[in-house]
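Enquirer: One structure coming up, written as structure tokens, with questions to follow.
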Amino acid sequence: MITDTAALQRTIEHREIFHDEMLHLMRRIMSGEMSPVMIAALAVGLRVKKESIGEIAAAATVMREFATPVPVADTEHLVDLCGTGGDAAHTFNISTTAMFVAAAAGARVAKHGGRSVSSTSGSADVLEALGASIDLAPAQVAECLAESGIGFMFAPNHHPAMKHAGPVRKELGVRTIFNILGPLTNPAGAPNQLMGVFHPDLVGIQVRVLQRLGSRHVLVVYGMNGMDEISLSGETLIGELKDGEVREYTVHPSDFGLPVYDTRGLKVASKDESVGCIRRALADEAGPVRDIVLLNAGAALYAADVAPSIGEGVRQAREAVASGAAAKTLERFVATTRRLKGAA
């Protein structure tokens, strides 16, 4: 099997590491057998070479092997809303807000997230600020999903083997393969996904990685203004996997009867500001904050196969917010997590 040094040499020569070799290397990383220096060198080498679909798929396969799973038997309408982060947009937590709307409209949300890496606040940070207990055991996450329609999986609890790469990733401070693996490794095995990415090239790559990994219905999105969400300020590039086939296209807010907004109205400087945006959106306060949530929740409902199109998903999302169902879903989720954790 390939040695660490031979793999590094391969990246220096801009040659691909084959599937079985990548499986071997990633297992060495996840089991603590590879040195921090070599982890860093290999991660940077892959980044400079540009990671291939096969390399990413192999690495994600191993990360899934080492993950602590959430026991969910029924995966119908089970969807994850997450992003790679790293878009430096400093917006409020759009996908986290959208999950309450999507769940209220009939999706079952298995959200995989953590604390802030590049944003003002990560999904874990803002959920805690909303009063939720995020540190649940896998069986408790499954119970929360069954009771509230949402299960939040705090990434460090489900990927303990990532501790070997964590310090290296933090010290490097640049994007590597580890930044794009998280959204590919949902511990509940959600086969449906709305994933935002930080670069347009990743749209075609990530959707094809998920195709190889056996996902059911996926939308990988990149707002052409630089957001890792579906944007309200112009076009969004989408890679869609459905029925085993991949297609790429662009959408515009006007396609769904939504106005175009500047992104400045979505920016926040703190976790508390993000919480304020979430509450305003769920209270049906008109404006860009609510509308970007409706758009992304609509896409999540389409990815979850609850809605037959993004447009119909937006209509269902609008109804869930206007009726108060989305706000009630947030309250129910928070109460359920606190009861399960014993914090109520």
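Glycine is no exception: its Cβ is also placed from the backbone N, Cα and C atoms.
Given the structure is predicted, the values throughout are model-derived calculations rather than measurements.
Per Swiss-Prot, the feature anthranilate 1 binding site maps to Gly83. Annotation source Swiss-Prot lists 5-phospho-alpha-D-ribose 1-diphosphate binding site at Gly83, 86-87, Thr91, 93-96, 111-119, Ser123, citing sequence analysis. Annotated Mg(2+) 1 binding site per Swiss-Prot: Ser95, Glu229, in sequence order. What Swiss-Prot lists as anthranilate 2 binding site is Arg169, and the listing cites sequence analysis. Annotation comment: Swiss-Prot describes Asp228, Glu229 as Mg(2+) 2 binding site.
Let's see these features in context: how buried, what's close, how far.
Expert: DSSP assigns Gly83 (anthranilate 1 binding site) to a strand segment in the three-state reduction.
Non-local contacts of Arg115 (5-phospho-alpha-D-ribose 1-diphosphate binding site) by the CB criterion (under 8 A, 6+ apart in sequence, same chain) comprise Gly122, Ala124, Asp125. The secondary structure of Arg115 (5-phospho-alpha-D-ribose 1-diphosphate binding site), as reduced to three states from DSSP, is coil rather than helix or strand.
Same-chain residues at least 6 positions away in sequence with a Cβ under 8 Å from that of Glu229 (Mg(2+) 1 binding site) are, in sequence order, Gly83, Thr91, Ile94, Ser95, Gly196, Val221, Gly223, Ile292, Asn296.
Arg169 (anthranilate 2 binding site) falls within a helix when secondary structure is assigned with DSSP. The C-beta environment of Arg169 (anthranilate 2 binding site), restricted to residues of the same chain at least 6 apart in sequence and closer than 8 Å, consists of Ala43, Thr176, Phe178, Asn179.
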Enquirer: So which of the binding-site residues is most packed in, judged by how many other Cβ atoms lie within 10 Å of its Cβ, out of Thr91, Ser95?
Expert: Ser95
Enquirer: Quick one: pull the CA-CA distance for His112 (5-phospho-alpha-D-ribose 1-diphosphate binding site) versus Asp228 (Mg(2+) 2 binding site), whole Å only.
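Expert: With distance taken Cα to Cα, Asp228 (Mg(2+) 2 binding site) is 16 Å from His112 (5-phospho-alpha-D-ribose 1-diphosphate binding site).
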Enquirer: Give me the count of other Cβ atoms within 10 A of the Cβ belonging to Asp228 (Mg(2+) 2 binding site).
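Expert: The answer is 29 other Cβ atoms.
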Enquirer: Using a 10 Å cut-off, grab the number of neighbouring Cβ atoms around the Cβ of His112 (5-phospho-alpha-D-ribose 1-diphosphate binding site), all chains included.
Expert: 26
